[in-house]
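**Q** The following feature annotations were taken from Swiss-Prot:
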TRANSMEM  24-44  transmembrane segment
TRANSMEM  48-68  transmembrane segment
TRANSMEM  98-118  transmembrane segment
TRANSMEM  142-162  transmembrane segment
TRANSMEM  171-191  transmembrane segment
TRANSMEM  214-234  transmembrane segment
TRANSMEM  239-259  transmembrane segment
TRANSMEM  270-290  transmembrane segment
Amino acid sequence: MSNRLFFIKKCYNLAQLMRINQPIGFFLLLWPTLWGLWLSHKGIPDKVVLIVFVAGALCMRSAGCIINDYVDYDIDGHVQRTKTRPLPSGMIRKKEALVALSILLFIAFILVLSLNFITIFLSVVALILSWIYPYLKRYIYFPQVMLGLLFSWPILMAFTAINNPINSTAWLLFLMNTVWTIVYDTQYAMIDREDDIYVGIKSSAVLFGDMDKFLIGILQLCIVFILGIIGWKERFTVVFYFFSLFGVIILFMWQQILINKRKRIRYFQAFLSNNYVGMLVFIGIASSFH
């Protein structure tokens, strides 16, 4: 193989390692980031802050994927869906993964340096949590809670970035997004449930068992309730209630239909549809400040 082809192949494998070919994870991190930015600014955020947060979300999502695969190196090879990933398949060496991770973290660090001290501190806490998360599924049945905290962290940072106090609305949004993350990551974990049981990995999907559909429904009702409280508290416009609240209810009903079919492809479709949940909430929030 020529050096040029080798380089192209290596870049392609690194892109797969960072899930560039699967942007759903980036969007699921981006939407709550945008919710927090628009709510903290009461409208369109400062351009520099917006760029820092969007670029930071992209870097940290990719870094999180590398951390997860690095920690799960000895497990992914035994799971049908993950055994072809770059690290367990040998297409990327562990040292190469660490180099890529270091570059991403350096870029994220440079970005966050443009923000204030408390926001920098919160970003360091987020990095620590990112390393803890992959280990939790070996010991507890709710690693999804930690993932929820991680994916909700930018909401707090969005408020501190402009020296705003983390008010009750921010905490409600934080709570809602944490519950939402538990919902969609449980849907995702349902895909690998049989494999996870075989290799001894714990997840909410394994814990819920046959009660998964019902318990996900309870969590979805909690999300709708919290979203309604936020809309009422912030006196959002009718667009919020029509697009966000009503739209989210319809999407959650659709997800219930999908997961009821008890097929892996349907679980994955339900998971993917959460991108539209995040988008609809953002449309409702953004439209309420114009």
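Glycine is no exception: its Cβ is also placed from the backbone N, Cα and C atoms.
What does the local environment look like for each feature on the list?
**A** Sequence-remote contacts of a segment are chain residues at least 6 beyond its ends whose Cβ falls under 8 Å from one of its Cβ atoms, and for the transmembrane segment (24-44) they are 50, 53-54, 57-58, 60-61, 65, 151-152, 154-159, 161-162, 164, 169-170, 173, 177, 181, 184, 234, 271-272, 274-275, 278-279, 281-282, 285-286, 289-290.
Listed as Cβ neighbours of the transmembrane segment (142-162) (distance under 8 Å, sequence separation of 6 or more from its ends, same chain) are residues 28-29, 32-33, 35-37, 39-41, 45-46, 49, 52-53, 56-57, 64, 115-116, 118-119, 122-123, 125-126, 129-130, 132-133, 136, 170, 173-175, 177-182, 185-186, 189, 202-204, 207.
Panel annotation: around the transmembrane segment (171-191), residues 28, 32, 35-36, 39, 81, 142, 144-145, 147-149, 151-152, 155-156, 203-206, 208, 212, 216, 219-220, 222-223, 226-227, 229-230, 233, 255, 259, 264, 267-268, 270-271, 274, 277 of the same chain, lying at least six beyond its termini, place a Cβ under 8 Å from a Cβ of the stretch.
Within the chain, the transmembrane segment (214-234) has long-range Cβ neighbours (under 8 A, six or more residues past its boundaries) at 39, 168-169, 172-173, 175-176, 179-180, 182-183, 186-187, 208, 240-241, 244-245, 248-249, 252, 255-256, 259, 281, 284, 288.
Long-range contacts of the transmembrane segment (239-259) within its own chain (CB-CB distance under 8 A, at least 6 residues past either end) are made by residues 187, 190, 212-213, 216-217, 220, 223-224, 227-228, 231, 266-267, 269-270, 273-274, 276-277, 280-281, 283-285, 287-288.
Same-chain residues lying 6 or more positions outside the transmembrane segment (270-290) and placing a CB less than 8 Å from one of its CB atoms are 24, 27-28, 30-32, 34-35, 38-39, 42-44, 180, 183-184, 187-188, 191, 227, 231, 234, 236-237, 239-245, 247-248, 251-252, 254-255, 258-259.
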